[in-house]
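**Student:** Here's the feature list from Swiss-Prot:
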- His118: chlorophyll a ChlzD2 binding site (BINDING)
- His198: chlorophyll a PD2 binding site (BINDING)
- His215, His269: Fe cation binding site (BINDING)
- His215, Phe262: plastoquinone binding site (BINDING)
- Thr2: phosphothreonine (MOD_RES)
- Thr2: N-acetylthreonine (MOD_RES)
- 41-61: transmembrane segment (TRANSMEM)
- 125-141: transmembrane segment (TRANSMEM)
- 153-166: transmembrane segment (TRANSMEM)
- 208-228: transmembrane segment (TRANSMEM)
- 279-295: transmembrane segment (TRANSMEM)
Amino acid sequence: MTITLGKSSKEEQTLFDTVDDWLRRDRFVFVGWSGLLLFPCAYFALGGWFTGTTFVTSWYTHGLASSYLEGCNFLTAAVSTPANSLAHSLLLLWGPEAQGDFTRWCQLGGLWTFVALHGAFGLIGFMLRQFELARSVQLRPYNAIAFSAPIAVFVSVFLIYPLGQSGWFFAPSFGVAAIFRFILFFQGFHNWTLNPFHMMGVAGVLGAALLCAIHGATVENTLFEDGDGANTFRAFNPTQAEETYSMVTANRFWSQIFGVAFSNKRWLHFFMLFVPVTGSWMSAIGVVGLALNLRAYDFVSQEIRAAEDPESETFYTKNILLNEGIRAWMAAQDQPHENLIFPEEVLPRGNAL
C-alpha cells in the first residue's frame, strides 16, 4: 500500500472567502455584498427623513414650519432643502457650516443633503442587490436594468437639477406637498408639460399602466379551467410546472380585436419592460436639460424678444398666462433670497390660482 504525503487539495479559506460565504449565505433576508451599501444607506435615509419630518423646522431656510412638532400633517411635513446661500455645500456635520453642532446642522438643512445622498446610494445598492441575486441564481439581469429607471429619475431630479442651478435650494424637498410645489415650479419656470421629454415620460408611464391592465386581464381571461377550486387561487398547485393560461387563445382574441397581437411571450414581456423604463429615462434626460436651463420649450426666449423688440409678434397663449401666474404667485415666497416684491395689481386674486 502506498501512502502519499502532501498538502490537502482543498486550500484553506482566506478572510475574503469567509466573509463572502457569510454575506451570501442562504437566509430569510439575503444580505450579499450589495447589502453592505444598501442596508446602511437605506437605514440612514429613512431615519433622516423620519427625524426631519418629526422634529426639524424649515424656518431658517424657507421661513416655513415643516415638522409634526410644529403642527404639520403627513401631507405638509417635509425635510426641506438648504438655503440658497449655501449653494452646493455637502453640509457635512463636521463641515465649516455646522462645525459639529447637530442642532445648527439641522437648522441649516443638513438633513436634506444627508437624506438625498444616502437615498441615492441606497437605490444604487438595491439595484446591485438585484444584480447579485440574479447572478447567484443564474437569472438574466433585467430586473436590475429596469430599476435603473427610477434611479435615473431620482438622480436627475434631486441631484443633477439642483447642481445645474445655483444650489440645493432648488431641488425638491422630501415631502408630499413639497413635491407638488416642485412640479408647479417646473411648470412655471420651465414649461415642463410642453417639453417632449416629459411627453415621452407620460406616454411611458400611462402606456405601461395600460399594458399592465391589458396583460393582467388577458391572463385572467384565458386561465385553463382544469382545477376543482372555487376561484383562481385554489384551482392550481402553486408549484406546478405546466402553464396556467392559453397564449394561443389570447393571441386569437387580440388578433380579432386589433388585427394584430403578440405571438411571443418574450417579445410581449420585453415590450412591457421597455415602455416604462424608456419613458422614465426620457424624463430623466429632459430634467438634465432643464438643469442646464435649455430654453427650447419654455417661451421665455419669445417673451424676451417681444419685450426688447416692439415689432416682434408672438402668440400670447393661455399657456404663457398660466406660467406667468405661477411665477408671480410662487417667486416671492419660493425665492426669498431674491427679495422679490410684486405690486398687488399683478398678483393673482381670489380663486384665480
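Cβ from N, Cα, C; glycine included.
Since the structure is predicted, the reported quantities are computational estimates derived from the model, not experimental observations.
Relative to the rest of the structure, where do these features sit?
**Tutor:** Take the CB of His118 (chlorophyll a ChlzD2 binding site) and look out to 10 A: across all protein chains shown you find 21 other CB atoms.
Secondary structure at His198 (chlorophyll a PD2 binding site), taken from DSSP and collapsed to helix, strand or coil, is helix. For His198 (chlorophyll a PD2 binding site), the same-chain residues lying six or more positions away in sequence with a CB closer than 8 A to its CB are Trp192, Ser283, Gly286.
Reduced to three states, the DSSP call for His269 (Fe cation binding site) is helix. Its Cβ placed at the centre, His269 (Fe cation binding site) has 14 other Cβ atoms within 10 Å.
His215 (Fe cation binding site) has a Cβ environment of 16 other Cβ atoms inside 10 Å.
Taking Cβ pairs closer than 8 Å, the transmembrane segment (125-141) reaches residues 24, 30, 32-35, 37-39, 41-42, 147-148, 151 in its own chain, all 6 or more past its ends.
Panel annotation: around the transmembrane segment (153-166), residues 81, 84, 87-88, 116, 119-120, 123, 172, 280, 283-285, 287-288, 290-293 of the same chain, lying at least six beyond its termini, place a Cβ under 8 Å from a Cβ of the stretch.
Outside the transmembrane segment (208-228) by six or more residues, the chain places 234-236, 243-247, 249-250, 253-254, 268, 271-272, 275-276, 279 with a CB less than 8 A from a CB of the stretch.
If you look at the transmembrane segment (279-295), the same-chain residues 6 or more away from its ends with a CB under 8 A from one of its CBs are 148-150, 152-153, 155-157, 160-165, 186, 190, 192, 195-198, 200-205, 207-208, 301.
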**Student:** Let me know how many other Cβ atoms fall within 10 Å of the Cβ of Phe262 (plastoquinone binding site).
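**Tutor:** Here the count is 19.
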**Student:** In the same chain, which residue numbers or ranges, 6 or more beyond the ends of the transmembrane segment (41-61), come under 8 angstroms Cβ to Cβ?
**Tutor:** 67-70, 72, 77-83, 106-109, 111-112, 114-115, 118-119, 121-122, 125-126, 169, 173-175
